[in-house]
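Database features, via TrEMBL:
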- 9-19: compositional bias 'Basic and acidic residues' (COMPBIAS)
- 211-350: domain 'O-antigen ligase-related' (DOMAIN)
- 1-20: region 'Disordered' (REGION)
- 423-446: region 'Disordered' (REGION)
- 28-51: transmembrane segment (TRANSMEM)
- 57-75: transmembrane segment (TRANSMEM)
- 82-100: transmembrane segment (TRANSMEM)
- 106-126: transmembrane segment (TRANSMEM)
- 138-161: transmembrane segment (TRANSMEM)
- 181-199: transmembrane segment (TRANSMEM)
- 206-222: transmembrane segment (TRANSMEM)
- 228-244: transmembrane segment (TRANSMEM)
- 256-284: transmembrane segment (TRANSMEM)
- 341-362: transmembrane segment (TRANSMEM)
- 374-391: transmembrane segment (TRANSMEM)
Amino acid sequence: MSDIAGRIGPRDRRATTRRHETKHPLNGVLPLSLIGAAALWLCAFSGFFVIDEPAPYDLLVVGIAGIAFLCGLPLPRAIAPLVILLLVYIAGGILASTQVPGFATAPMYMATTGYLVISAIFYAAVTARSERMLNAIVHGYVGGAVLAALAGIVGYFNLVPGSEVFTLYGRAKGTFQDPNVFGPFLIFPATWLTCTILMRPLRQGLFASLLLFVLMAGLFLAFSRATWGMTAFTVTGVGLLLFINERNPLFRMRIVALALTGAVLVALGIIAALNTASVATLFAERAELVQSYDASHLGRFARHILGFLLAGEKPLGIGPLQFYKTFTEDPHNMYLKSFMAYGWIGGIAWPVLMALTLARLFPLIFQPRTTRTIAIAVFLTLVGHALNALVIDMDHWRHNFLLLGLAWGLIAQESAHRAHTRIRGLKERGETAPHSTGSDFRTDNA
């Protein structure tokens, strides 16, 4: 998978981003820069294997982030909202932990949240400084996702003895513990590859098309209604956004033609899969919009209503891992869980963070930058996750925090680009440039 970077890296034919070199102790040391990119690639790649905990990804993130911060990795001012809101969020969780009888499971739970918060801040800081690091993370993520999807496919069809370990309740879960996490993990790579295929010349997109086929098969075999919905939303969104961004009529026609071709191929693939009896049976069962466990007494939706009523009476929440003791199941609603496990402070901080992230990232998907395909994929995936959060808990989804970090890294890159443009304009007019409010960035691909 390490050759993905060279074969399917995103390009924007109208890119106007200029290269900006900055003075930093680590800049200019090419071998160290390459080592850093390789470490980030490996870190993102390892996210595909979460059968046991702590996962290899956890150890790598802690180690790499720790070394980076010890070596002086700065926090750009542009990511201050991310840092502040995440710290407020975890502060709410610490306060809510005081409501747990005996304070038993709360420390470990909040430690996990704290590590994920650090990971998001780390990804934002490191991608804000260098486009190379951003690409390394994206390519590593895609490579890991393809392996996870292959494991899910092999497990579902039992192609190798013992491969049933990659399934759960007849659904593909790949190298994850739950199909409902496995599916969403594949969304961003599938979305980014769709962007890449539509933007690149046809022959250069063949390898990306093969990878996308594997991911789509894994997404389908996860048999997750939310995952199917998110996939349809993000892939459709890619086509619409690229069509809106493009002014060339011929290129617009190409996007439409490729999108229609892809839709037909996906439909044919689903029809072929449904010829297998086990697939058809499970598909018919999972395709129902409302399952029995959704609408039953104390089902998912009833728990949501009762949970929010309880949240209104508990400013500090009830603490992590306590909801099921009253309602027999977990909340299965990220916003409700934020109020329950992180109190009113965390319950407000999380949706504010998501809304602010999407609002700040949205303008970037229309900017002619070399990172625009990544911005589009991150934006659409986060919107899908924000909607999916209505029916599932995701406060400990590793890839969700990674995506938040990438989003704010992109936001910081744009902030730096504008600051440099403003300073250059002042210098050209012979005016004194004020001290930049941005931070040191490198938007190089070298």
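Going from the start of the chain as shown, residues are counted 1 onward.
Just so it is clear, glycine is given a Cβ too, placed from its N, Cα and C backbone atoms.
Among the recorded stretches 82-100, 138-161, 181-199, 228-244, 341-362, the one sharing the largest number of Cβ pairs closer than 8 Å with the transmembrane segment (28-51) is 138-161. Counting Cβ pairs closer than 8 Å to the transmembrane segment (138-161), the top stretch among 57-75, 82-100, 106-126, 206-222, 341-362 is 206-222. Touching of the transmembrane segment (181-199) and the transmembrane segment (106-126) is ruled out by the presence of fewer than three CB pairs under 8 A, sequence neighbours closer than 6 excluded. Across all of the domain 'O-antigen ligase-related' (211-350), the predicted model scores a mean pLDDT of 87.
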